[in-house]
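As recorded in TrEMBL:
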type	residues	note
DOMAIN	55-188	domain 'Poly A polymerase head'
ACT_SITE	Asp73	active site
ACT_SITE	Asp75	active site
ACT_SITE	Asp157	active site
DOMAIN	215-274	domain 'tRNA nucleotidyltransferase/poly(A) polymerase RNA and SrmB- binding'
DOMAIN	330-450	domain 'Polymerase A arginine-rich C-terminal'
COMPBIAS	425-440	compositional bias 'Basic and acidic residues'
REGION	425-468	region 'Disordered'
COMPBIAS	444-457	compositional bias 'Basic residues'
Amino acid sequence: MLKKLIQTLRRKRPHAPPRSTPAVLNARQHNLARDRISRNAVNVVERLQKAGYQAYAVGGCVRDLMLDFDPKDFDIATSATPEQVRAEFRNARIIGRRFKLVHVHFGREIIEVATFRANHPEIDDEDNPQQSSRHESGRILRDNVYGSLEDDAQRRDFTINALYYDPVTERILDYAHGVPDIRNRQIRLIGDPTQRYQEDPVRMLRAVRFAAKLDFDLERHTAEPIQRLAPLLRDIPSARLFDEVLKLFLSGYAEHTFELLLQYDLFAPLFPAAGAALRQQPDYAGKLIRQALINTDDRIEQGKPVTPAFLFAALLWPALPARVLRLQEQGMPPIPAMQEAAHSLIVEQCQRTAVPKRFTIPIREIWDMQERLPRRQGKRADLLLENPRFRAGYDFLLLRESAGEQTDGLGDWWTDYQEVSDSERRQMIRDLSSKEKEDSSGAPRKRRRGGNRRRRGPRSDGSAPSGE
Ligand code: ATP
Ligand code: MG
């Protein structure tokens, strides 16, 4: 019977008109176990239903549970207005300006409750009667119009994100053919793809993020307009794009996500300088960025912390040498050129993705470390070891080496130095001085001088001209 249902649903797509009656799956027809829904979320639903409202778990949590992922959080959709929701709970707070939501607090867990909303509001906003709710590009600026359950399903982005689960009856309501898409592993936009991307270009990023995380394909019509519309991302506020970038790269599927971003021309609009570096030096920049993302995914898998600073330091690093060189060619000495290039690169990146100061400062520190790690004489090595940024700087050095940068064994040297005894450390520093003497006594070791020499490929001695 279920097979028949799926076949009927499949035949109707992709241009089927929105369903006004949902497909209903009872407990025997789906694999979503009620006991995997947060107890608090179930309580919220029960309470709202008892008060006479409709209430369902919705979105990512339903999708993830059907696919046996652990949901990040549990969202509830309801017919109650935010004020009505708040009246039902002591521990509830209304938040949000663009549209109001209610956060119901249970200790550390927050259950987000949203009132059913409708899409495509053609009417003007109450607070702003002069302004239409659509930007001329078709982008929706305000969508705080309440609607029915069915409206709420249609305004969601992908079919797999528009499933409603009632933990009381254990039924799933599917207005948008989401269940068959989950079973066929398809990311499919609800409605006309071009229009839905124009309304909110971030949906293009969400499409590849879910495809990478769930290992789904983008359905043909959902994929088709992306390359053409990718430049629309430039109009999205940089703070929102920063948040999205973190979700893209810090969710444990960064490497796969990166490949999809490249495939759909979505990477360069987010990271223009890194995009250019990838075109100019595809092997080196590609290796460095991919390795950084693989390391990030590994760390997340192992439950280790990851920082946006390291990630951004890596994404922007391949763009740095060309900038330093350009400034040096204009006559700037190496150290100021490096500082200026780093500064301008970060400022430009912030125009696309607003990286907060608490991350831009450590990005600079990780880069500065690359200039300091080669200078180990005297007490310098020990001082560096004590530097709070040492670990990140050292990891970054290893990353550069893994991308093929020649550092004359610097990474191994530092690995050894951390592991050996005090007396062996002193010996390592002495060895360094004698090697240095040999070098300056005319032995044919490289010691590059002359700032304006054009380099091909990445620098080998610490990223950027260090002025040593
Ligand atoms: P996750 O939280 O795992 O990243 P999610 O699907 O829960 O995935 P959220 O950003 O938490 O994503 O959004 C919750 C739900 O809100 C989505 O499942 C989707 O139904 C809807 N939604 C979110 N962003 C958009 C958007 N830009 N356009 C339309 N609907 C959206
Ligand atoms: Mg979510």
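Every residue gets a Cβ built from N, Cα and C, even glycine.
The most densely surrounded of the active-site residues Asp73, Asp75, Asp157, judged by C-beta neighbours within 10 angstroms, is Asp157. Secondary structure of the domain 'Polymerase A arginine-rich C-terminal' (330-450), assigned with DSSP and counted as helix (H, G, I), strand (E, B) and coil, comes to 84 helix, 0 strand, 37 coil. Taking CA atoms as the reference points, Asp157 (active site) and Asp75 (active site) are 15 Å apart. Helix, strand and coil counts from DSSP across the domain 'tRNA nucleotidyltransferase/poly(A) polymerase RNA and SrmB- binding' (215-274) read 43 helix, 2 strand, 15 coil. As a summary of secondary structure, the domain 'Poly A polymerase head' (55-188) carries 30 helix, 40 strand, 64 coil according to DSSP.
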